Amino acid sequence: MATRLLRGSLRLWGGLCAPRLPTASRCSHSGGEERLESPSAKKLTDIGIRRIFSSEHDIFRESVRKFFQEEVIPHHAEWEKAGEVSRELWEKAGKQGLLGINIAERHGGIGGDLYSAAIVWEEQAYSNCTGPGFSLHSDIVMPYIANYGSEEQIKHFIPQMTAGKCIGAIAMTEPGAGSDLQGVRTNAKKDGSDWILNGSKVFITNGWLSDVVIVVAVTNREARSPAHGISLFLVENGMKGFVKGRKLHKIGLKAQDTAELFFEDVRLPASALLGEENKGFYYLMQELPQERLLIAELAVSASEFMFEETRNYVKQRKAFGKTVAHIQTVQHKLAELKTHICVTRAFVDSCLQLHETKRLESAAASMAKYWASELQNSVAYDCVQLHGGWGYMWEYPIARAYVDARVQPIYGGTNEIMKELIAREIVHDK
């Protein structure tokens with residue numbers, strides 16, 4: 001069993017002994033090591049490639065890959081039927097040190113760098129197992145608490161979330177408000193020092209298993225604009241009036257619990273307010289670039305997985321007396337796919353480097369999300385086609401990857417909204 005890396009100790013996993021995770025101050029790139037980039041690598045999913053990583057990252061990646069191979073892949077089909085992963089998996093991930101990686105140690109996180117967090121994103125994509133909501137929990141929900149929470153909130157939630165004993169979700173989307181966050185109708189009204197929360201949310205990842213949910217709510221309808229009247233609240237499972245409606249049945253991400261949530265006169269103490277009153281929209285705008293970068297990373301990594309899966313298939317599948325890989329049209333398609341994926345990988349890695357040093361702008365994150373998620377769907381379509389009829393069979397990994405890809409251009413802000421944000425930056429007079 002793994003012992004989680006803490007303050008100078010060693011990480012143990014399956015006999016593998018690794019130093020503590022790299023931090024931005026210690027090691028955030030290859031440091032002069034000779035490393036192949038994706039176009040020159042034997043496989044796009046190889047360990048030890050790409051200059052943004054170091055040998056320390058490689059050791060960590062080996063342990064993460066082993067975790068997904070041993071603890072996730074064997075059970076994922078079962079979780080797809082259940083519509084959720086087991087809580088036991090969350091605690092195993094916590095013990096392995098896969099949660100809260102990029103959250104500071106002083107807050108109760110692991111204290112690793114962004115690249116270490118990205119390794120978990122990538123390895124989950126390479127496993128083709130979309131059920132565990134680790135990335136949303138660790139790299140979307142936890143940063144809100146770490147960045148805007150009070151000392152009391154941080155101490156209460158972050159250590160338990162890092163251990164996998166408290167599962168986090170964030171509730172933005174409503175039946176009538178998706179990409180338009182200013183259209184939120186869920187509201188919280190003051191009642192003495194408390195707040196009374198009413199409304200509903202939908203399409204909430206980790207919603208069914210969640211122990212704490214960050215809820216976006218209107219707190220000032222008289223504000224000069226909707227953006228100036230939104231606040232964030234920490235709502236805990238079991239609070240009176242907080243009801244989880246049902247797990248939603250999706251065409252993809254079948255093992256990922258996605259729920260609708262209802263709030264009927266939920267009484268929240270003043271301590272449930274996250275950050276300052278009416279500053280919620282500002283906090284959302286600050287954190288959305290990381291969410292969009294995460295989606296881009298998952299998208300290009302899934303594309304790398306699909307390419308390798310398809311390359312292996314066409315080299316084995318025979319037609320017209322030879323393997324499909326020897327048909328020129330197939331070779332040309334593989335050449336196109338690898339080129340598009342490698343170009344996108346270079347851009348997304350560049351965005352990771354910018355974000356590690358807090359220099360990733362919203363427009364660039366929007367470009368990465370838009371481009372990589374479109375690529376993922378294009379790659380999925382072509383890879384299914386190269387599999388022929390077998391690509392349409394659920395037992396083939398490419399079929400799962402195909403349906404899982406479709407939501408990527410939708411959540412985190414639709415790609416149409418991404419283009420609006422990119423265009424706004426282009427035409428804006430600075």
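Cβ from N, Cα, C; glycine included.
The feature transit peptide is assigned by Swiss-Prot to 1-30. What Swiss-Prot records for Ser54 (among others) is phosphoserine. Positions annotated as N6-succinyllysine by Swiss-Prot, on the basis of similarity to another entry: Lys66, Lys81, Lys240, Lys254, Lys279, Lys322 (among others). The N6-acetyllysine annotation in Swiss-Prot covers Lys81, Lys92, Lys95, Lys254, Lys358 (among others). What Swiss-Prot lists as FAD binding site is 170-179, 203-205, Arg317, Gln328, 385-389, 414-416, and the listing cites similarity to another entry. Residues or ranges marked as substrate binding site by Swiss-Prot on the basis of similarity to another entry: Ser179, Ala227, His228, Tyr282, Pro289, Gln290, Glu291, Arg292, Gly412, Gly413. Here Swiss-Prot flags Glu291 as active site, proton acceptor, drawing on similarity to another entry.
Overlay of Swiss-Prot feature records on the structure.
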{"residue": "Lys92", "record": "N6-acetyllysine", "DSSP (3 states)": "helix"}
{"residue": "Ile170", "record": "FAD binding site", "DSSP (3 states)": "strand"}
{"residue": "Gly176", "record": "FAD binding site", "DSSP (3 states)": "coil"}
{"residue": "Thr205", "record": "FAD binding site", "DSSP (3 states)": "strand"}
{"residue": "Lys279", "record": "N6-succinyllysine", "DSSP (3 states)": "coil"}
{"residue": "Pro289", "record": "substrate binding site", "DSSP (3 states)": "helix"}
{"residue": "Lys322", "record": "N6-succinyllysine", "DSSP (3 states)": "strand"}
{"residue": "Gly388", "record": "FAD binding site", "DSSP (3 states)": "helix"}
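The Cα atom of Ser54 (phosphoserine) lies nearest to that of Glu291, taking the recorded positions Lys81, Gly176, Glu291 as the candidates. Restricting the recorded positions Lys66, Lys92, Gly176, Gln385, Gly388 to those with a CA within 10 Å of the CA of Lys254 (N6-acetyllysine) leaves an empty set. Around Gln385 (FAD binding site), a 10 Å sphere centred on its CB holds 14 further CB atoms from the protein chains shown. The recorded positions shown are Lys66, Lys81, Lys240, Glu291, Lys322; of these, the one with its CA atom nearest the CA of Gln385 (FAD binding site) is Lys322. Secondary structure at Lys81 (N6-succinyllysine), as computed by DSSP, is helix.
Less than 8 angstroms from the CB of Glu291 (substrate binding site) sit Asp139, Ile140, Gly412, each of them six or more residues away in the same chain. When the Cα positions of Ser179, Ala227, His228, Tyr282, Pro289, Gln290, Glu291, Arg292, Gly412, Gly413 are compared pair by pair, the longest gap among these substrate-binding residues is 23 Å. Per-site Cβ counts within 10 Å over the recorded positions Ser54, Ser179 peak at Ser54.
For the modified residues Lys81, Lys95, the largest tally of other C-beta atoms within 10 A is found at Lys95. Cα-Cα distance from Thr205 (FAD binding site) to Lys81 (N6-succinyllysine): 17 Å (rounded to the nearest whole number). Reduced to three states, the DSSP call for Lys240 (N6-succinyllysine) is coil.
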